[in-house]
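Participant: The structure under discussion is supplied below as structure tokens; questions concerning it will follow.
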């Protein structure tokens, strides 16, 4: 993931001087603005379909926060440059500077209501803020850690107000639960202030990494007034559940050699921020499934099968080889629910790249056809992604524009110099001139995305064919009906092995189970050999 950053300049009105926490060589915390995390509920479900509400909270990433001198209001960071006196090096900067609390609605345009989070694109208060990145919290000092092997993750989303060039992204990264405080004692802010971010791009635009500033080698961006890159990056595995606007969407696993957060240096980081994209320890490209890119150009968009003019439900299943949470990740499946209808993910129409889910075989075939480097396999493939899912990952909800590639990799032709008829080039209907951040920010400042009704549970537990309430209610959850069918039911050819799928709406694979197993219907969209 890429993201815009935000520098909070001096408050225009005088503030009463408050005592600021700070001592030693450490990344500090300010007290001018109290940090109050907005509440957001989500649900955990059981195999029987019963769901329990959890009282979560969200926190905005540290990169968006005002960074000022300990003891007064002098900026440590203004625009896209560091104060050279306060920040001559990484350690001194961390000692001199404090992260401030956030006013979520007025400064960042982020609001919650019950189980929903709305992110506005451009918010103007004393300064103009562009986009945001927030994390789900377990409590005020700890991120919620989701372990998704042999589970499904479900949420509702409204992308109707996201035009070309924007990305409303919901995804998981293998951050530390405390934001790195226990590993790096100089980090005094921790998860409470949104520290510890990492992803598969090994981002070098972060102002603080591992309890120290990232000022050494900092180069201000040439096209982003708020951002730059430092010598260090922050790497970890990333599972992109949802990257989307109203035109295109993709889901993409990105494994790393080491699943958890590690700091990298210079171009050895790889990814978007380095001259050698594939020189790091993570897969910056991932293995994506974009329905348009896979050949179905009428599946997702305004008025299409999944109609982005209204809210819908997104279901992602993480299926293991043995049907347990300790198994090896073998498949990532996708369903949608809209207006009471379960919609299986579209099938890839390219010859030699079949299916509607992500597997190692799919990724190998897709990379070969599209002539992309198979960096996914190099860094562990599905097994590597599964290792991160097993240890637990943090939920990220964001909205951003793209100063590196104008989001054309998601919603247009990319690379722009290639023919749209070349396999893998066409990703959406947006023009290749679209997505320039300055244009998007000027023409669509009122863009927004809403995430809601998050549920996590065993396969088949978080939704049913009752689907979303188009009138704005939440997705209903009913107890799946379990029935047994005999082997040899009509359908696809071949035999499904133990724990394999053997039926469900849109299923075209085998419906016969290897002996002694039988095909058991968990719900309308999924039957399994048990």
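First residue shown is number 1, and so on along the chain.
Positions of Cβ are set from backbone N, Cα and C atoms, glycine also.
Here Swiss-Prot flags 238 as active site, nucleophile, drawing on similarity to another entry. Feature annotation from Swiss-Prot assigns active site, proton donor to 243. According to Swiss-Prot, the compositional bias 'Low complexity' annotation covers 475-488. Under the heading disulfide bond, Swiss-Prot lists 502-519, 513-529. Here Swiss-Prot flags 494-530 as domain 'CBM1'. Look at Swiss-Prot and you will find 296 tagged as N-linked glycosylation site. Annotation source Swiss-Prot lists region 'Catalytic' at 27-461. The annotation region 'Disordered' is assigned in Swiss-Prot to 462-492. Taken from Swiss-Prot, the feature signal peptide covers 1-26, and the record attributes it to sequence analysis.
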Participant: Can you give the mean pLDDT for the domain 'CBM1' (494-530), rounded to a whole number?
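Facilitator: On average, pLDDT over the domain 'CBM1' (494-530) sits at 76.
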Participant: Please identify, among the recorded positions 296, 502, 513, 519, 529, the one with the smallest Cα-Cα distance to the residue listed as 'active site, nucleophile'.
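Facilitator: Nearest in space to the residue listed as 'active site, nucleophile', counting only the recorded positions, is 296.
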Participant: To the nearest whole angstrom, what is the C-alpha distance linking residue 519 (disulfide bond) and residue 529 (disulfide bond)?
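Facilitator: Just about 5 Å between their Cα atoms.
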Participant: Applying a 10 Å Cβ distance cut-off over all chains shown, what neighbour count does residue 238 (active site, nucleophile) have?
Facilitator: 27
Participant: From the Cα of residue 296 (N-linked glycosylation site) across to the Cα of residue 529 (disulfide bond), what is the distance in angstrom?
Facilitator: 30
Participant: Between residue 502 (disulfide bond) and residue 513 (disulfide bond), how far is it from one CA atom to the other, in Å?
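Facilitator: Between the alpha carbons of residue 502 (disulfide bond) and residue 513 (disulfide bond) there are 7 Å.
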Participant: Give the distance between the Cα atoms of the residue listed as 'N-linked glycosylation site' and residue 513 (disulfide bond), rounded to the nearest whole Å.
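Facilitator: Cα-Cα, rounded: 30 Å.
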Participant: By a simple count, how many Cβ atoms lie within 10 Å of the Cβ of residue 519 (disulfide bond), its own Cβ left out?
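Facilitator: Around the Cβ of residue 519 (disulfide bond), 25 other Cβ atoms lie within 10 Å.
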Participant: Most Cβ neighbours within 10 Å: which of the disulfide-bonded residues 502, 529 is it?
Facilitator: 502
Participant: Whole-number answer please: how many Å between the C-alpha atoms of residue 513 (disulfide bond) and residue 243 (active site, proton donor)?
Facilitator: 35
Participant: Going by a 10 angstroms cut-off between Cβ atoms, which of the recorded positions 296, 513 has the sparsest surroundings?
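Facilitator: Fewest other Cβ atoms within 10 Å, among the recorded positions 296, 513, is found for 296.
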